[in-house]
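Trainee: Pulled from TrEMBL, these are the listed features:
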- 20-37: transmembrane segment (TRANSMEM)
- 338-358: transmembrane segment (TRANSMEM)
- 364-384: transmembrane segment (TRANSMEM)
- 391-410: transmembrane segment (TRANSMEM)
- 435-456: transmembrane segment (TRANSMEM)
- 463-486: transmembrane segment (TRANSMEM)
- 531-550: transmembrane segment (TRANSMEM)
- 876-898: transmembrane segment (TRANSMEM)
- 926-950: transmembrane segment (TRANSMEM)
- 971-991: transmembrane segment (TRANSMEM)
- 1003-1029: transmembrane segment (TRANSMEM)
Amino acid sequence: MRTSNGPLQNLTAMFAEHRVAANLLMILMILGGLWGVKNLNTQFFPSFELDIVTINVLWSGAAAEDVERSIILPIEEEIRSINGIDTLYSTSNQGQASIRLELTENADVQYTLDEVKQKIDSIRSSLPSDAEEPIVQRIIRYENIASMLITSDNATSTELRVLARRFERELLDKGIRKIDFTGMPAEEIAIQVPTAQLNALGMSLSDIATNISQRSIDLPAGTAAKSDGSRQIRSLSQQRDVEGFKQLPVISDKNGRLVRLGDIAEIDWRAKDSQVELSYRDQPAILMVLKRTESDDTLQSAKIMEEWISTARQHLPQGVELITYDERWMVVQARIDLLLKNGLGGLVLIIAILFLFLNARVAFWVTVGIPVSFMATLAVLYMIGGSINMISLFGLIMALGIIVDDAIVVGEDTLTHLQMGESGLQAAIGGAHRMLSPVIASSLTTIAAFLPLLIIGGTIGNILIDIPIVVICVILASLVECFLILPGHLHHSLRSKADLHASKTRLAIEARINHFRDHTFRHVVRNAITFRWTTIASTLGIFIIALGLMMGGRVKFTFFPSVEREVFTANMQFTSGTDNTHVKKFLAHLDETIQQTEQELGGNLIKVAFREYGIANFTRTSSAPSSGDEFGSLYVEMTPIDTRTITNRQFIKAWRTKISIPAGIEKFSIDQSTSGPGGKPIEIKLSGDNVSTLKQASLEVQSVLKQYTGLSNIDDDLPFGKSQLIYELTPEGEASGLKLQQVGRQLRAAFDGVEAQSFYDGQDEVAVRVLLPDAERNRLSALEHLPVILPDNSTAPLSNIVEFVPQRGLDSLSRINGQLAINVSADLDESAANANDIIADLESGKLDAVISKFGVVASFEGKNKNQRETLADMKFGLILALSLIYIILAWVFASYSWPMTVMLAIPLGLTGAILGHFLTGLDLTILSLFGFFGLSGIVINDSIVLITFYQKLRATGMAVEEAIEEAACQRLRAVLLTSLTTIAGLTPILFETSLQAQFLIPMATSIVFGLAYGTLLILLFIPATLTILEHTKARLGLRLHHGELSEAP
């Protein structure tokens, strides 16, 4: 290559000669980093937006089938043609329609949102008139800070609600962005009018509700008497308490006496029906979940919360407790501490290696480059909208060793020429100039290896994107430090060979290193070259063994490591119509037995456990949990895994032996929370046109899944719902002129009530509902005698107007892209089975049999879908990375064949990575594959250093084998240093036992073992390959054009 000085060489020389330029630039980079650290948010995962639009419509009292027919289908038909929609999910639940639109990448979310709103507005008149207004919004991503239970042994849930609202105001005022509540009692004024009174008055519930809304109202009527001083005219008749509503006039009787509402109805201020209730140690409780937006700092928000709790606990009413749990901020802090601890450990090892192999002054200035480059990286990270999170910190740790590679090469070359008698300035500038091309080439290849990771889409790509961003920023920062700062420091600290005085220890170490290089290692390299075909065959044999370990299942692939969290939930569903006292009794039994289990296992295992009445979430794949009187759940959070010897699985196994399943329960499961992307390990979507057929197919798929060891909680998201009474008009009803719609409205009014109006009591909205008395609504016999108002305003018993046919309904109906669908899912014990093996077995024919039998379409969803999409992106990324690396190397070497020799280092590194997973008993994961990409770029660097030196030796006329041997020996120190520093930076993580480190270990394993094995073979395999390549070309009569990367030191 050309050796004439260009602008970059001139800039390097200027900084090396200038007395303060290097230090000024270093100070500027440090100040930039401090500025970045001060302003960067600290959070759990990187920030990313969710390109999701949701539509929600409430239709009180409607069955799931009615919601689908009257709301879901019209909306789907209207919006499915909107540009930018990738997948359309819809769910029909009792009384609610939910639609989720996942948009294509790079879609204009605001445009799509506006289009959806316009389309829905255009069909609003065709939706049920008594359904509430559709709510269309974009999903805003919030991150939990912590959860907090408010409980008391002497207060009602209503009294706790007042406290919760006060706490909410205080926390929001102090800077907490969002608070979600569970168990907050919503209240209403229930006006219960008996059937007998309705018959006597000849009125319907709707008539009474209309009367209330017209009489209970605050109404402005304008301004009067402007010439005599303005006066506002307004009515203040809105009633806001029970007594006020009792005094409202309803009608005058035939004697002219005014009939008031309190004369004909029982009026109560009470909690609404079918609400979620919480209980902690048999005491009422309300749950507050504190959240932050992406613009907020997790630890700063946690500080606000902690300070507030400290103050609030001093002024709590007697008997009230505040219990915090699920403190995500503590996980963030723990993971930051973990990574900082391991990063510091890696840094110490790196420094030790540098001082072992290099002169103390050179080692010192190379070490200084680490914090300087990190500071510059943090400044850039802030400017591009990054954050300090678990992923970006791991990226920094991964870069610990990479960051000094460039400085090592330049420093080692400078040291060599200084020892040869050059002046400090000459050696520093010369070292930078000689190493400029190979260092830039190696840096570009590393960037090329990480760059494709930026194109990975989906949740995985959004979470892990900080790794390539951070590593690329560190590499660029290290180039600046290496060529503009380091030469100046080396020049001013090593002015001549006289400054290289060394201690006896240093001299002894140098002597041992040189003896190993010139004798032991040279002999090994010579044998590798002499027996080159044996060397290559041995290497390929080990590579085949590594592939065999993967193909034979000895090293399995698990998409994302499912590290168990401290949380699990017991969910239950009783038969429809079960009195909630049975649910409460069973939940009390679970609570009691779990406390017994804890004591028998040694105590101090459970941090918090509380009951939830009226809600359960079995599959965690549906858009909303199941709710109703027949549902319940027990939430359990264990103490941190690092502080106990009993695992969740062991605890649950012991607990199950004490649980007595009562009669009448339809479904019971204990679901563990795991880290990683959403979805279950096994999740099969069945789609078709008929609900009944889909359900039958689902049941058969579930029976197939039950044959596999390691699967549990096998279920689907199409549960049978409550018993239904399907009504049709009798001949008498038809003759009366009634329509089914009119009957339906009167039935809904009677049993679900008619909302006359609503008003705000502080922050809470209170509905005023007119309905039949509870005693009548809760008895089926009341149906027969319910008076139905006919078109001629006369009344007739409902039994004369309609007839009922009983059937079993469905709790929910799901659709994907306009087609009915059902998800069959299962949890997996990864210690007993592998998800990919089970899916492969299902695809071999077992699933096809079900598909053929029922005529449905099946596909794997959940984590397997994420896996397919991510691996597809990574395959493209691999092709892109290899292409970029080849192009860079071809440009650097000015040759088509030399790059292929260098790139042979890649499979060598992958061999070591696979063997590393086998030796440590780890499965390959998506993070292991991320490590593969990084490893590919790193191992090539060593090959570039070796081949560059070989080219320069050949250019001096040295024979092929002699030049190869000399290149391997002379560059041994540089190759070992660049590899060992990277290995040292990541090694502490391999020995980390904490929960927080478990999903990072596979990535570290890939790089550490891959680089260790790859470096060893690069020093042996590459020389053997070069020898064969050169001899082959010589035999073929070809002459290789050697492009110079640098002058030989």
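A Cβ is built for glycine as well, from the same backbone N, Cα and C atoms used for every other residue.
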Trainee: So which of 435-456, 531-550, 876-898 is most in touch with the transmembrane segment (926-950), counting Cβ pairs under 8 Å?
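Mentor: It is 435-456, which has the most Cβ pairs under 8 Å.
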Trainee: Most CB pairs under 8 Å with the transmembrane segment (435-456): which of 20-37, 391-410, 531-550?
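Mentor: Ranking 20-37, 391-410, 531-550 by Cβ pairs under 8 Å to the transmembrane segment (435-456) puts 391-410 first.
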Trainee: Which stretch, 391-410, 463-486, 531-550, 876-898, 1003-1029, tops the Cβ pairs under 8 Å count with the transmembrane segment (20-37)?
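Mentor: Of the candidates 391-410, 463-486, 531-550, 876-898, 1003-1029, 463-486 scores highest.
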Trainee: At a C-beta cut-off of under 8 Å, are there same-chain residues at least 6 beyond the transmembrane segment (1003-1029) that contact it? List them, or none.
Mentor: 394, 398, 521, 524-525, 528-529, 532-533, 535-536, 539, 897, 901-902, 904-905, 908-913, 915-917, 919-920, 922, 927-932, 934-935, 938-939, 942-943, 946-947, 950, 960-961, 964-965, 967-968, 972, 975-976, 979, 982-983, 986-987, 989-990
Trainee: Could you check if the transmembrane segment (391-410) is in contact with the transmembrane segment (531-550), meaning 3+ Cβ pairs under 8 Å among residue pairs at least 6 apart in sequence?
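Mentor: Output no: the transmembrane segment (391-410) is apart from the transmembrane segment (531-550).
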Trainee: Report, as numbers and ranges, every residue of the chain located at least six residues beyond the transmembrane segment (463-486) whose Cβ falls under 8 Å of a Cβ in that stretch; write 'none' if there are none.
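Mentor: Distant Cβ neighbours of the transmembrane segment (463-486) are 8, 11-12, 15, 21-22, 25-26, 29, 45-46, 48, 365-366, 369, 372-374, 376-377, 380-381, 384, 386, 389, 391-392, 394-396, 398-399, 402-407, 410-411, 432, 436, 439-440, 443, 446-447, 450-451, 453-454, 456, 677, 926-927, 930, 934.
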Trainee: When each of 338-358, 531-550, 876-898, 971-991 is checked against the transmembrane segment (364-384) for Cβ pairs under 8 Å, which one has the most?
Mentor: 338-358
Trainee: For the transmembrane segment (971-991), which partner among 338-358, 531-550, 876-898 gives the most CB pairs under 8 Å?
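Mentor: The stretch with the most contacts is 338-358.
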Trainee: Who are the chain neighbours of the transmembrane segment (531-550) in space, where the CB to CB distance is under 8 Å and they lie at least 6 residues beyond its ends?
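Mentor: Same-chain residues near the transmembrane segment (531-550) but 6 or more away: 557, 907-908, 910-911, 914-915, 918, 924, 1017, 1020-1021, 1024-1025, 1027-1028.
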Trainee: Take the transmembrane segment (338-358) and find every residue of the same chain, 6 or more past its ends, with a Cβ under 8 Å from one of its Cβ atoms.
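Mentor: Non-local partners: 366-367, 370, 390, 393-394, 396-397, 400-401, 404, 408, 411-412, 415, 509, 513, 973, 976-977, 980-981, 984-989, 992, 994, 996-997.
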